[in-house]
Amino acid sequence: MKVEDLIAKHWHHLPIEEVVELLESEREQGLDRFAVEHRQEAFGPNAITAQKGQSPLIRFLLQFHQPLIYILIASGLITAILGEWVDSGVIFGVVLVNAFVGYIQEAKAVNALAALARTMTTVATVMRQGEKRQIPATELVVGDIVFLQSGDKVPADLRLFQVRDLQIAEAALTGESAPVAKDHGLHGRETVLADRHNMAYASTLVTYGQGKGIVTAIGDATEVGRISKLISAAEALATPLTRKISEFSNVLLYVILGLAGLTIVVGLLRGQPFLEMFMAAVALAVGAIPEGLPAAVTITLAIGVSRMAKKRAIIRKLPAVETLGSTTVICTDKTGTLTENQMTVQEIVAGGVSHTVSGTGYNPLVGTIDNLENAADPGISSALRECLRAGFLCNDSQLVEEEGVWQIQGDPTEGALLTAARKGGLGPETLTVNPRLDTVPFESEHQYMATLHDGGLGAPRLVYLKGAVEAVLARCITQLDRMGNPVPLRIEDVQAAVESMAAKGMRVLAMARAEMAPETCVIHHADLPTTMVFLGLQGMIDPPRPEAVAAVKICQTAGIRVKMITGDHPVTAAAIARQVGLYNLGSTRGDGVPVLTGAELEKLSDSEFIDRAEDTVVFARATPEQKLRLVEALQARGQVVAMTGDGVNDAPALKRADIGVAMGITGTEVAKEAADMVLTDDNFSSIEAAVEEGRGVFDNLTKFIVWTLPTNLGEGLVILTAVFLGVTLPILPVQILWINMTTAGFLGLALAFEPKEPGLMLRPPRQPDAPILSNIVIFRITLVSFLMLGAAFWLFAWEQRIGATLAEARTAAVNAFVMVELFYLFNCRSLEKSIFKLGFFSNLWVLGGSVAMFLLQIAYTYLPVMNRLFQSAPIDLAVWGRTVVAGVVVFVVIEIEKKLWLKKGRVGA
Ligand code: ATP
């Protein structure tokens, strides 16, 4: 195959035979191993090269593009013009350090998110060497034969040659949101991309039906590869909170600039020299602006993302980290999320007789069906056999045995039916006798699957149907009696059997059969007969996940309501709900679990719907459209809703929910694309763990803000007070810069690593519209700021009074400031609990950061180069003692303050 064969071909305009020939492939068998290896070597993986976003240099330069930095640069330039070389040098040094730190932090956060994105691989179903298999989409080569089905993301550009009601949403490529119906006919050469209906393009989403096509382009050569652009890092990292904080910083900037101007005016009026007042104004501006805040928020969120990934919750959209913390309702699927998705048939009702099936798991060799061979009454076994046959033939899954372990490839519900059929003596020959001719696949909106089979020479064709009881019974008019003869359907008896099985928590599937004309080759939903013979019921258990039971309990104590939304039968749903501990007030069914079915929901008016959405715990036989309505109804009541989903039709509800949660194992690509978060283990307990992490992240953000703001406010106050009182500045601008740059990194960031507080899930969820800082916390910030102001002036005055030089007195004031920040950091490890309760060693980052910060202050005080740069001077031990006293006083005051507030209620927002 030559490369030029692949380039700029109008594949949509070529007959399929020619396409297959040009691509040197084979329609039925697919490529062989050698061709695949050869092509992989020649053309590389099927991946789009991430377009280089901004170059590192540009990203570094962008760090200077902040109002605060403009002020610093302007101050640095003016100080240089005024001949203050050292000050100017330090200011520029700090600007550079700030840019470096910002650059590294941003790069880390971007990399963390990109690494997570890479863990989400897409799989493709291909035909190779005559074998259908699933491979990572990156291993696809040109010429591969690919199968598409509803929910898939198209893995490469394909020329379609077989379609069945195939519809693809091509918004990613054309911007058109309505799905396009595909065909396999020929299209004119000039047909525009959006109208090439015999092509499927990489990155678009299959919303309905099935198809088969041959790969015409991979990776960068695909249509999407040619237009792809990397989302800019800034956009990916922005969240409502970071936006709120930068807005806050911008407002603050103007306030501070105003105050700085006022400082100059007041100083000049008092007859102070301009240079000194200008430097004071610079100090005020530099000190009062919380420049570390945006970076700290981003890095805390990024740490949250990686913590959640460890708990098997992959965050796709950063704002989700924040929203998770304020989730008030979780709407969850049942199968696989609250339950194990390990199905075993335990009871079969056929011919009016109930049979018990023993054994658990998929191993068909362990366990039997009672009354299977009742020689005296062959009719029983024939009804039973037909019921088992339906489960076996109308089935897309496979049982496989590897080293004595029996596993299922495909849907566990179908796996259970295969195991039961094997326990009943049916083997692979069943399919040889009645080969399958066509399929109506299972879609949750229809709740059944049907297959067409050859009935043998001259015999009519057979349709087997399996699915939800209501869906199957609606098409039946007769049933098999004990002797296996058709008799009129006795709906009440069937319903009673269903209720009895469902009450034990079993998922019940009904089976039916019909004869079709011998020439029938294809079947559609519309031509399934409504005169079918009901064959029986198979009831399977799916045990609840023990960890889900525990997680539901945690959610309930955390004030989060858990609702189950399932496609299953209401009685089964209620039984499982009871087993996992979902209970509440409201309408009830059975013995006290409030359940509503999709059909009942349909009958409600809009306002009734909203009421019932709030007070109902279990929604059974619910459709994906109702999931969307439920999300909207709950949101109308101010709830913050997390909603799970896996199917194509769940996408709108996932998008609409505050947190859309897709299943990583059973979920379709469409659902994952729409979700904010993907669970790699499909497990409910992972949602709970993510919520817990979300609360922890928000806590740590608040703690950082509560720690950092007093420094800024305190520094601003020191300058303002000095100028207004007309006294010497206790701290110089360069010294303020030093404090801000070092403490934010060494002390403040350690709070991002603060472990979650015990009792985190005993609190109610955070109100989403609550301000970040509560009044109590604002009070604390103000209190600490004034204590810092007091400490700085106290030490500055004390040292001068006992004869210290100006440089020594200022060094004492700076060290007092840092010491207060250091002790206060320990207070901030919890907003309401005493640090003695948390233990001093539970965040080693705080301890390590404190030691590093202390060593830096030693260097600041004693190294001659630092003395020259920052006008610091060596001080003796007694002065250090006084700085420590300042720190301890603040620490004790805040611990007492916490205790006082705690008596009155919660401290945090
Ligand atoms: P959830 O995960 O939301 O609890 P579910 O798995 O119970 O969902 P669906 O997958 O929509 O819900 O299934 C709905 C009903 O369709 C099931 O109760 C069952 O009766 C029937 N059903 C499920 N899988 C199949 C299948 N493979 N073939 C035929 N019918 C099926």
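Any Cβ shown, glycine's included, is placed from N, Cα and C.
What TrEMBL lists as domain 'Cation-transporting P-type ATPase N-terminal' is 10-84.
Per TrEMBL, transmembrane segment is recorded for 60-82 (among others).
Per TrEMBL, transmembrane segment is recorded for 88-104 (among others).
The transmembrane segment annotation in TrEMBL covers 251-271 (among others).
As annotated by TrEMBL, transmembrane segment applies to 277-303 (among others). Through the fold, the transmembrane segment (277-303) approaches residues 66, 68, 71-72, 75, 78-79, 84, 87, 98, 101-102, 105-106, 108-109, 112-113, 237, 239, 241-242, 245-246, 249, 252-253, 256-257, 259-261, 263-264, 267-268, 318, 321-322, 697, 700-701, 704-705, 708-709, 711-713, 715-716, 718-720, 722-723, 729, 731-733, 736-737, 739-740, 744-745, 748-749, 751-753 of its own chain, all at least 6 residues removed from its boundaries and within a Cβ separation under 8 Å.
Nonlocal intrachain contacts for the transmembrane segment (704-729), taken as residues 6+ away from its ends with a CB within less than 8 angstroms of a stretch CB, comprise 256, 259, 263, 266-267, 270, 272, 276-277, 279-280, 283-284, 287-290, 292-293, 296-297, 300, 736, 739-740, 743-744, 747-749, 751-752, 772-773, 777, 780-782, 784-789, 792-793, 806, 817, 821, 824-825, 828, 831. Look at TrEMBL and you will find 704-729 (among others) tagged as transmembrane segment.
Only residues 6 or more beyond the boundaries of the transmembrane segment (735-753), in the same chain, are considered here, and those with a CB under 8 A from a CB of the stretch are 90-91, 94, 97-98, 101, 283, 286-287, 291-292, 296, 299-300, 303, 700, 703-704, 707-708, 711-712, 715, 719, 810, 814, 817-818, 821-822, 825, 828-829, 843, 845-846, 848-850, 852-853, 856, 860, 870-872. What TrEMBL lists as transmembrane segment is 735-753 (among others).
What TrEMBL records for 773-797 (among others) is transmembrane segment.
Under the heading transmembrane segment, TrEMBL lists 809-826 (among others). Sequence-distant contacts of the transmembrane segment (809-826) (same chain, six or more residues past either end, CB-CB distance under 8 Å): 707, 710-711, 714-715, 730-732, 735, 738-739, 742-743, 747-748, 750-751, 784, 787-788, 791-800, 835, 840, 846, 849-850, 853-854, 857, 860-861, 871-875, 879-880, 882-884, 886-888, 890-891, 894.
Among the features that TrEMBL reports, transmembrane segment is placed at 838-859 (among others).
Counting residues 6+ beyond its ends, the transmembrane segment (879-896) has Cβ neighbours under 8 Å at 780, 783-784, 787-788, 791, 794-795, 798-799, 804, 808, 811-812, 815-816, 818-820, 822-824, 826-827, 834-835 in the same chain. As annotated by TrEMBL, transmembrane segment applies to 879-896 (among others).
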Which sequence-distant residues neighbour the transmembrane segment (88-104)? Criterion: at least 6 residues beyond either end, Cβ under 8 Å. 56, 59-60, 63-64, 69, 72-73, 75-77, 79-80, 291, 295, 733-734, 737-738, 741, 745, 869-870
In the domain 'Cation-transporting P-type ATPase N-terminal' (10-84), how many residues does DSSP put in helix, strand and coil? 43 helix, 1 strand, 31 coil
Long-range neighbours of the transmembrane segment (251-271), counting only residues six or more past its ends (CB under 8 A): 67-68, 71, 277-278, 280-282, 284-285, 288-290, 716, 719-720, 723-724, 726
